[in-house]
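**Student:** Sharing the record's features from TrEMBL:
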type	residues	note
DOMAIN	1-382	domain 'Amino acid transporter transmembrane'
TRANSMEM	16-37	transmembrane segment
TRANSMEM	66-89	transmembrane segment
TRANSMEM	110-127	transmembrane segment
TRANSMEM	133-154	transmembrane segment
TRANSMEM	220-242	transmembrane segment
TRANSMEM	262-284	transmembrane segment
TRANSMEM	305-325	transmembrane segment
TRANSMEM	331-352	transmembrane segment
TRANSMEM	364-388	transmembrane segment
Amino acid sequence: MVGAGVLGLPYAMSQLGWGPGIAVLVLSWIITLYTLWQMVEMHEMVPGKRFDRYHELGQHAFGEKLGLYIIVPQQLIVEIGVCVVYMVTGGKSLKKFHELVCDDCKQIKLTYFIMIFASVHFVLSHLPNFNSISGVSLAAAIMSLSYSTIAWGASVSKGVQEDVQYGYKAKSTAGTVFNFFSGLGDVAFAYAGHNVVLEIQATIPSTPEKPSKGPMWKGVIVAYIVVALCYFPVALVGYYIFGNAVDDNILMSLKKPAWLIATANIFVVIHVIGSYQIYAMPVFDMMETLLVKKLNFRPTTALRFCVRNFYVAATMFVGMTFPFFGGLLAFFGGFAFAPTTYFIPCVIWLAIYKPKKYSLSWCANWVCIFFGLCLMILSPIGGLRTIVIQAKDYKFYS
């Protein structure tokens, strides 16, 4: 659940300000926990059947075809978006590690570091299934906890900067508003983990006496406690120490102690290696199924090899072309993550359970839908503007 988006939270706070920033962080934590509970509950709501994929749940709620058209594009955008962002994150963290460990070495372009990061995935992408990457997942979980703790711990030891400012950085009202939208997207990206929840729950054994939602919900509670322990200290401490001068990745603002920050960057690399695979697996599944069932390709090792390598190469190329961590977070956070995380589970819940009008369940779901829609509409505008502004001064493939 703890994604690399946590590193962008202090930057999001600098764009939102103290009051709105804390409110959005807390609201997002509550809403996404609620929608995650809904998905866990709906996994086995039909006796004797399990909805092991997000689109299967959508098809049950909206019908065979409409369910696919609503869910699958959203899921694909999320999964591809995360993979692109993680390519950039992995490359940037490797570059920072290289600079800290060897400060008098020749500078190497970010493009090459993204290529180095991608080379790992050309190998890992050929692992057979989710269970085969459980070890990688465990390592990723430990890493995310570690680098989050280092991020706020090193910030505390650095102390508040002398000329720290907490006001909005943009000079114009329009700039402030667009940055605010962008900050919303950064938060949405950090809280998005719902896309693969049903696939994960599908790996838990289930019987009528002991349904999978019991252990799954316990896992979710633990995950969300960890999320709170990582997100809130990083966001609040990072912003308090650096103010609006904080980088879009908090670890880029920290330089000392060099060995600790270098370690944190390597932890980020190990984490995003695992996370990339978790988000890439469903895409591999969809692509291979489409080629075999619809286009009548033979399900051979060669097909698997070509499809997976093509996907890794494509995400690497997009990451190398647009290596803007903050802008990408905001754009994908609002455009793709807000629907699948904040309000599609609520829409499905209303469609299936039909709670009584103005009841607590009805009101709660509509509040989530309204909040999620605002995120989905506003955040990509801010994110796209950030990418355009950063691209003006950027030499492509530099």
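Keep in mind that glycine also has a Cβ here, set from the backbone N, Cα and C atoms.
It should be emphasised that the depicted structure is a prediction, and the values quoted were computed from it without experimental measurement.
Each of these features: where is it, how hidden is it, and who are its neighbours?
**Tutor:** Sequence-distant contacts of the transmembrane segment (220-242) (same chain, at least 6 residues past either end, Cβ-Cβ under 8 Å): 1-2, 6-7, 9-10, 12-14, 18, 21-22, 25, 29, 33, 36-37, 40, 141, 144-145, 148-149, 151-152, 155-156, 158-161, 164, 166, 190-191, 193, 250, 253.
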**Student:** What parts of the chain pack near the transmembrane segment (16-37), using Cβ distances under 8 Å and only residues at least 6 beyond its ends?
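**Tutor:** Hits for the transmembrane segment (16-37): 9, 166, 168, 180, 183-184, 187-188, 190-194, 197, 217, 220, 224, 227-228, 231-232, 235-236, 239, 341-343, 345-346, 364, 368, 371-372.
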**Student:** With a Cβ cut-off under 8 Å, give me the same-chain residues at least six positions beyond the ends of the transmembrane segment (364-388) that come close to it.
**Tutor:** 27, 31, 34-35, 178-185, 188, 322, 324, 326-335, 338-339, 341-343, 346-347, 349-350, 355
**Student:** State, in range form, which of 110-127, 133-154, 262-284 has the highest count of Cβ pairs under 8 Å to the transmembrane segment (66-89).
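**Tutor:** By Cβ pairs under 8 Å, 262-284 leads among 110-127, 133-154, 262-284.
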